[in-house]
Amino acid sequence: MAGLHFFPALLALLMASLQTHQGFPMPSLSSLLSNAVQRANYLHNLAGDRYRDFEQNYISDEQRHSIKNSPAAYCYSESSPAPTGKEDARQKSDMDLLRFSLSLIQAWISPLQILGRPFGSPDAYDKLLDLEKGLQVLMRELEDGSSRGLSLLKHTYDKFSANQFSEEATLKNYSLLACFKKDMHKVETYLRVMKCRRFPESNCTI
């Protein structure tokens, strides 16, 4: 009889162990996705702040007008099949949205590895790596093979230049910051679309 009384406790212990990995509880899909959205939002806001600060301090009205109408304003991500807005994103599967997001994040890892004056945020690179890892975990959780072979972004961006006395370097940094802001906005949008689709009850805003 003592063995029978012990059995429910043993069963509960075994069930709990199945929900852990290396002694730590595995986060729920909702938590993983919420963390990814928070990191994407942080990077998007950071990129927007740095872009506006840089524009105010280094870019004249004439330069601003000329660069927005030049090939320098082109972002690599515009050559990918990634959705261009939330309505387009809603037509994609969750796995596609994760893969698009991961490709955009990875395109910026090298440029942000060595940060110069134009960006000036030492935690940006770490946040980018955290988000990359978070997206990879989400993809493993949802892996179904449906998105294999999807053509994604193949380029990475140039590194930021620390030379603020060269007009060429200044315009290059301005263009890079503009692209970084656009790409982080895309990543945040994709992840919010995915979160709202899977967990509509969880403070869902896009």
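A Cβ is built for glycine as well, from the same backbone N, Cα and C atoms used for every other residue.
Summarising the annotation, Swiss-Prot assigns disulfide bond to Cys75-Cys179 (among others). With a 10 A radius on its CB, Cys75 (disulfide bond) counts 21 other CB atoms from all the protein chains.
For Cys204 (disulfide bond), the same-chain residues 6+ apart in sequence whose C-beta sits under 8 angstroms from its C-beta are Arg192, Lys195, Cys196. Per Swiss-Prot, the feature disulfide bond maps to Cys196-Cys204 (among others).
Feature annotation from Swiss-Prot assigns signal peptide to 1-22; the stated evidence is similarity to another entry.
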Cβ neighbour count (within 10 Å, all chains shown) around Cys196 (disulfide bond): 18
Local Cβ density at Cys179 (disulfide bond) - other Cβ atoms counted within 10 Å: 22
